[in-house]
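S.K.: Below is the structure I would like to discuss, written out as structure tokens.
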Amino acid sequence: MAMPPSTYPRCLLPLFLGLFQGTLLLFFALFVTYDEASAQAEDTNLVANRVYSTFPFFQDIQVMLVVGLGLLLTFLPRYGFSALTHNFLLLNFSMQWALVLQGLLHHFHHGQIHLDLHKLLISEFAAVTVLISVGAILGRASTCQLLVMATCEIPAYLASEWVIVTCLGVLDVGGTITIHVFSCYFGLGVSKALFRATQQPLHPKETPTPRSDLMSLVGTLILWVFWPSFVAVLCQPGDSQHRAILNTLLAMSASAITTVVTSSLLEREGKLSPGHLQNGSLAGGVAIGVVADMAMPPVAALALGSLSAVVCVLGFRFLTPLLGRKLTLRDQCGIHNLHGLPGILGAAASVVAVLVASKDTSGSRSSQLSPVRGNASQVLEGRPGAGGAGGQALCQAAGLAVALGASLLAGLLTGAALRLPCLARPPERLCFDDSLYFKIQDQAESPGPDSSAEEGALSLKEQV
């Protein structure tokens, strides 16, 4: 017998998550284990050094994703609880899902997957793609839709990364192409397919308030502080990691100052736009990731950071309204301006950097990347078939093309799947509202004790 309209969608979320976690419990019990402890002192010291050198970076990245990114998404005044909770939920869901898929694809030996901190870190990088992509549809999609989106995006990302890094040998230590570009255009593809060609006026709950903008700006500051750890964590400790940290700091410092300059010039009376500050200050970190460990002068990092901030701010000011009018494309958080445009700029910079790098400079570098992201020294020293600097430059451009094409195609297909009625997409009038998902004790905004419940029931009936 069919379930009543008001209870079926309500039961869908705990049923979906309960089955997912129960299945993973069984999978971990059968196939996942830790490495056996070694009795050799030198092996023990090696493992300890790896943990002590990686875990501080890992903690920084956790703060970035849970606190910094979560707060950055709270610019919608009545969607703060939902933005923080969905970000936290999707991080844990996507990380576990990526851990299973990566283990089966790359680390399944003799019926077992041996878990370590590095594998967990790589799975968290996969989860980042989901956290970025959902910014395109933030506030307009239900929790179940976001979870289905994550379920589809993780395997698409892993396939794209394998082609870009393993097959093409693209250099991308900070995930500019593999993470930022892919996640941006996947999210835009989902948005286009989910909302199709409908153009809606500005939602009354969509306009930020000074308080919500302030919380979002705090998230920007947290992301800004910890971003060098995100870029440098997979570098080989030593010169490569040191160079990546320095280049990232320089690029982000330049992007912060340039954002203030550009926003002041574009806004009336020289005032600053909070939205520009929240995003433009981080654009340098997105663009520098692909070239952060390459041997280049400090002025190049400053220039790339400044240029990425200009591109980001101009995107918010001119390109986003244009895409909304011409393509009816919704981009709620402006991920195209923060991740897409600076990501493409960084990919172009990597082509230039590879072409102008001298053979002596590139050959003197140590192995700079984890095998997951490619081995820079092998590529630049003349890997068989690579064709030298020109061949590597072509690989960088091809990697960008693969990321763009694969993400758009996968995003469009995923967005079409999210239109299924059973996923309970919220109606337009109840978008950007925490009361649809949370029990909010606010008498000022809830005239009656049952008003929020009645709104929720009405919205669910409209979906079925």
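Cβ coordinates are placed from backbone N, Cα and C, and glycine is handled just like the others.
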S.K.: Can you check which of 10-31, 120-141 TrEMBL lists as transmembrane segment?
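M.R.: In TrEMBL, residues 120-141 carry the label transmembrane segment.
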S.K.: Mind checking which residues of the chain, 6+ beyond the ends of the transmembrane segment (120-141), have their Cβ under 8 Å from one of its Cβ atoms?
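M.R.: For the transmembrane segment (120-141), the nonlocal Cβ contacts are 54, 58, 61-62, 65, 69, 73, 76, 79, 82-83, 86-87, 90-91, 94-96, 98-99, 102, 149-150, 153-154, 157-158, 175, 179-180, 182-184, 186-188, 190-191, 194-195, 206, 233-234, 330-335, 339, 370, 372, 411, 418, 425-426, 428, 431-432.
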S.K.: Same chain, outside the transmembrane segment (162-188) by at least 6, Cβ under 8 Å from its Cβ: which residues?
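M.R.: Cβ under 8 Å, 6 or more out: 125, 128-137, 153, 156, 230-232, 234-235, 244, 248, 285-290, 292-294, 329, 331, 335-336, 339-340, 342-344, 346-347, 350, 354, 368-369, 372-374, 376, 379-380, 383, 386, 392, 395-396, 398-400, 402-404, 406-408, 410-411, 414.
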S.K.: Are there residues at least six beyond either end of the transmembrane segment (88-108) with Cβ under 8 Å to its Cβ atoms? List them, or say none.
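M.R.: Cβ under 8 Å, 6 or more out: 17, 20, 24, 27, 31-32, 65-66, 70, 114-115, 119-120, 122-124, 126-127, 129-131, 134, 143, 146-147, 150-151, 153-155, 158.
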